[in-house]
Amino acid sequence: MTSEPGFSGRTGGRVPNWIAYDRKVLGFSGYFREEVPNSALETWRVRRVAIRYYMENDTVEIVEIREANSGLPQGTLLKRHNALQDSGAPLRWPDLRVGGSVSLYRRTYFITATDAATRAFYAERGVEQPPDEALPEGPFDQRRKAQDAAAAAARARPPTRGGVPGSTSTAAPGGGPPLPHDAVDDLYMEPRGPNAVFELCPTRREVEMETRDNAVLRFLASWDNTAVTFGEVLCFSLFYHVADGTVEVREVARRNSGRDPFPLLLARGRLPKTLPPVFGRPMSPRSRAALQLQYYDWRDLKLGAKINCYGRPLLLYDCDEATRVWLRRHVPGIEEADLQPIAVDFDPNGPKRPPLAIPPHTSGFGSEEDSLRNVLHLVPRPPPRHYSDYLENWNKVLRFEARMVPLGPGRPLVGPHDSDRRFILSFHLLDRTLSIWEPRRDNSGMEDGRTFLERTKVPNPAAPGGASFGETDMQVGAVLEVFGRGFQLLDADAYTLRYEEKECARFPWADYDKVLAKLQAWLALYPDQLPERLSADLLAAGSADGSGYIAKHKLYSLLSALGSDLSPHEVITLCRQLGADRQGLLASQLLVALGLMEPPEPAPEPQHHEVAAHHQPPPPAVPFPAPALQEPAAAASAPAPPAARVAWAPHPSAPAARAPPAAPPPPDTYRGLGPAPGHPRVDPPPVPYHHQGTGGSFAPHHAWTDDRQHARDTFDRPGSATSGASGGGKSVGGSIHSGLHQPASLWQTTNTAIGGVNHAGSYRKR
């Protein structure tokens, strides 16, 4: 039983076909038979078609399947429309069946096959399509198939190493493709009749000629004619056709050579090695055979060889890659030295012109990309920009704290006060530009902060070709040379650290697994000394104040003293992954992750409580270690807090713990990975951060809580990611501190570079 198309199966009505069967197409394959009158080869022909039935509006389209070299105007035979059968009834989907036929506009189409989706559609409606049928073959198809099989067999046969039965070609001595022969009936037959002036070419080609068809060797040759007055060194292209051994030489015209174009030096034909003394008289094939002339073939063509082209010695100095492949495959005993190009000086007597150098960017108009784009063009053209990069990176800025450092011996700081200066270095991912801002500091002699470097691209002296700094150069601890000044990156804001951890494939120093594996590989260098020394130093550093907590700057100093090559950014990655406040970690946490200590007793299993209808969130947790929250009297009477418990399991790649295995814990203890409720590993809530509250100092790894959230790190509002374009003081969106004043000129440059001035929502006033 078939269901009507468009029926929804509900009692409320039916869904229209243009909704229920949107983009639903039934596909069939078939053919129609066409009579061919006035032909001695065939009387009828089979033409294959594809029938497409569109369910959304019951339209049909018939397209003829294209066939190579058929000589027929193939393509769309019946445009998509509501077709009527010859009986007058409209064509519907039940009328299309494999093995059946439909008659449209006095032409009968036979359906032979359908696809799997169409069969499933019919099966859902209780109609099974018969199996596919084979297409019939007409006289033209049978004759074409026989020709294609013969051609494929000839192409599949590799070039012979000797004579082929039925061929008059001679085999090459030592192997290789057969050489073209010089018999009288090779290419031409004798003229017929006493007054014949034409020569007839044979229409049947030999087996080797069919096998080596389309194989052409292309060489570059030079002709040194400087021995004569005003002689030059000219360049030619030599083409050798392997099928018949003919050679064609064409001149390669050079720019501004002052010579009239004369492209063809030698028309395609056999090239004799010696010039016969014919005194300008033409020679017939029999006369050439009587002289027993030797012709050039593929054995004589290699780089460095000289070809005598009717008195002009041509030096073969280069060839294309296809020619090298052919020579390696078919020429026995060829060496790579015979395929190496040879340098040729085409202007030996002229002055040596230096290569064109791109002038430096000193005009002051536009950027360096504009100069590189327009130095070779008369009409200025803008540099290309990628719109996808603009959509992805228009609001992404990596910000770092930096200080001035000397660049090495002989390159000290400009003044002694430069070592105390601190800067905010911003790297814009949109156009790979840098901007440096010097914030206000007490007793520095500056009333407000100032712009040290406007937003611009900074070339990297260590990069080849003078490339500018990229995002992969931004790493805490790296030293950047910015126009002769050295800046060392001391720390980064929370957004920058999260961005690099998210894109850890490009930033390996932000990949926790790689950093931990690097630290384990360093410990494996001296397994008898380093693990014990590291454990002792970490526990001693953590027990200095009794909390076991080690700040990130102190951890970096400790690892550096032991000889570790971890960078400051890699130490920050460890602290952000293992530490509670992401500014440091417990010594036991790092030792457990390295497999040097057994995990302490795990935290108790969490208790689940029912959530009320109006649930109030708990008070925010304080960073670890937590201070006392009771009153002094209550704290004195309260029992002593238990020892610190670490709920972190060792890393999967860490070695086994060096301590002997402890007794298994009770079965009801908590064994999950990560902190349990109530554990100190709880991130603090978003709290605004004020630079003035930290003593006005940006010391390395000191007094900087980068785990706070700012408007710059939230993308809910368009105006929270960029800064102002005009006006007075603006608040920085996403800077390291929020109490910073920026001048309007810096943000005008920033907003103009990303697409416009006075962009709506691009700044917010204080």
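Cβ from N, Cα, C; glycine included.
Heads up, TrEMBL stuff is auto-annotated, nobody curated it.
The annotation compositional bias 'Low complexity' is assigned in TrEMBL to 148-157, 627-660. According to TrEMBL, the compositional bias 'Pro residues' annotation covers 616-626. Sequence annotations record features per position, and here TrEMBL assigns compositional bias 'Basic and acidic residues' to 703-716. Per TrEMBL, the feature domain 'DM10' maps to 22-126, 213-331, 394-504. According to TrEMBL, the region 'Disordered' annotation covers 127-183, 598-740.
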Three-state composition of the domain 'DM10' (22-126), taking helix and strand from DSSP: 12 helix, 49 strand, 44 coil
Confidence summary for the domain 'DM10' (213-331), mean pLDDT rounded: 85
Residue distribution over DSSP helix, strand and coil in the domain 'DM10' (394-504): 20 helix, 45 strand, 46 coil
Tally of residues which DSSP labels helix, strand or coil - the domain 'DM10' (213-331): 20 helix, 44 strand, 55 coil
